[in-house]
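Let me begin by presenting the structure, written as structure tokens, before commenting on it.
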Amino acid sequence: MTKPIRNVAVLGATGSIGAAALDVLARHPRQFHVSLLAAGQRVDALLALCHTYRPDHAVIGDATLYTTLRDGLNAAGLATKAYAGEAALAELVASTTCDTVVAAIVGAAGLHSTLAAARAGKRLLLANKESLVLAGMLLMREASISGAEIIPIDSEHNAIFQCLRSRTTNGVHRVTLTASGGPFRGHNRTMLAKITPTQAMAHPTWSMGPKISVDSATLMNKGLEVIEAHHLFGLPSEQIDVLVHPQSLVHSLVEFIDGSTLAQLSLPDMRTTLAVGLAWPERIGSGVPGLDLMKHNRLDFEHPDTETFSCLRLARDAMQTGGTAPAVLNAANEIAVSAFLQGRIGFLTIPALIEHALTTLPRYEADTLETLLTVDTETRRITHAALTHFPLPL
């Protein structure tokens, strides 16, 4: 019996994860139809993707670019319907337009559409880690009510998901997330003070966008992933470990109470995890070759240096504090990373700004979306204001 084609929405289509998702989808035209493409501001790139994939709908986040998108689609003779803005995207994601959503919008901007997909009971391939960090309790609650199927796309959480064959953690003693260590593994603080945005974006093993590359360099990416694992798998902090693994071949390990440990290994390529999410529980080709252990015959592990790279420690502290503290962490980090990429602050000012926000703002219960968004806005305001009080980059 032929299975029905799955209609897939790719949110953040012009980014690195969006490109990887579309690559996998294009390999399986009889199984998947790209029904919706969404991007933030890169309207020309979105138009090019629409020409290639012929989606039913296209959404540009920046409403001022709506006319450009609409006219570009008409000029190309495409039947794709144009939309703009966060509300339009959330409405489309919740509609019958799609049954599968690749949530790859970077930052808190992806929260509304991710929540909309969860509320509508979609299969949600979650690559937007900020949604879990900012509103993890709300997101998981909505998914539980609607029956939405959340499959994490981060390589570490996807590895845990594969080892467990679900998000059920019966019999789990602990999980270990691996980190490449970023491009500055082994650097001291004196060396880090001179790091430039270009250097920070040169990740040794993964191909990623600017923001996540900087997060990897500061180890904030791993801190956010610890919080993600807490929400996705219902594990407390003491059952979530982190090890630096520079080869990026072992993506996570799951240790069970009987002494067994399962690990997932693959080449560092997001197409693998996206293929898992799209076809689960079946397997489909991703375009990624298998792992040749004779070629990659060395696996190294070490503890992370949380004194030099304090973002990982700050993330754990925020998770332990709970409530709105992770939302503060996330918003302050987004502002700090943006300022660093613009050359307005130095690399070491990123954790300093985050710590400033965490110590300045009070903790509230994270029980409503309105509370979280208010805290997010206030955190961005005080972090913006604090930029002038920190030294300029060397």
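Just so it is clear, glycine is given a Cβ too, placed from its N, Cα and C backbone atoms.
Around the Cβ of Ile17 (NADPH binding site), 28 further Cβ atoms fall within 10 Å across all displayed protein chains. The secondary structure of Ile17 (NADPH binding site), as reduced to three states from DSSP, is helical. Per Swiss-Prot, the feature NADPH binding site maps to Thr14, Gly15, Ser16, Ile17, Gly40, Asn128, Glu130, Gly209.
In the three-state DSSP scheme, Asn221 (1-deoxy-D-xylulose 5-phosphate binding site) is classed as helix. What Swiss-Prot lists as 1-deoxy-D-xylulose 5-phosphate binding site is Lys129, Ser155, Glu156, Ser180, His203, Ser216, Asn221, Lys222, Glu225, and the listing cites sequence analysis.
Counting only residues at least six positions away in the same chain, the Cβ atoms of Ala127, Lys129, Glu225, Glu228, Thr273 sit under 8 Å from the Cβ of Asp154 (Mn(2+) binding site). The Mn(2+) binding site annotation in Swiss-Prot covers Asp154, Glu156, Glu225 and is backed by sequence analysis.
In sequence order, Leu11, Gly12, Ala103, Ala104, Ile105, Val106, Gly107, Gly110, Leu111, Thr114 constitute the residues six or more apart from Asn128 (NADPH binding site) in its chain with CB-CB distances below 8 Å. Largest Cα-Cα distance over the residues recorded as binding NADPH, namely Thr14, Gly15, Ser16, Ile17, Gly40, Asn128, Glu130, Gly209, equals 18 Å.
You'll find the Cα of Gly15 (NADPH binding site) roughly 17 Å from the Cα of Asn221 (1-deoxy-D-xylulose 5-phosphate binding site). The residues near the Mn(2+) site, meaning same-chain residues not in Asp154, Glu156, Glu225 whose C-beta sits within 8 angstroms of the mean position of the site's C-beta atoms, are Lys129, Pro152, Ser155, His157, Asn158, Leu177, Asn221, Lys222, Glu228, Ala229, Ser252, in sequence order. Packing around Asn221 (1-deoxy-D-xylulose 5-phosphate binding site) is summarised by its Cβ count: 26 other Cβ atoms lie within 10 angstroms of its Cβ, all protein chains included. Each of the binding-site residues Gly15, Gly40, Gly209 was scored by other CB atoms within 10 A of its CB, and the lowest score goes to Gly209.
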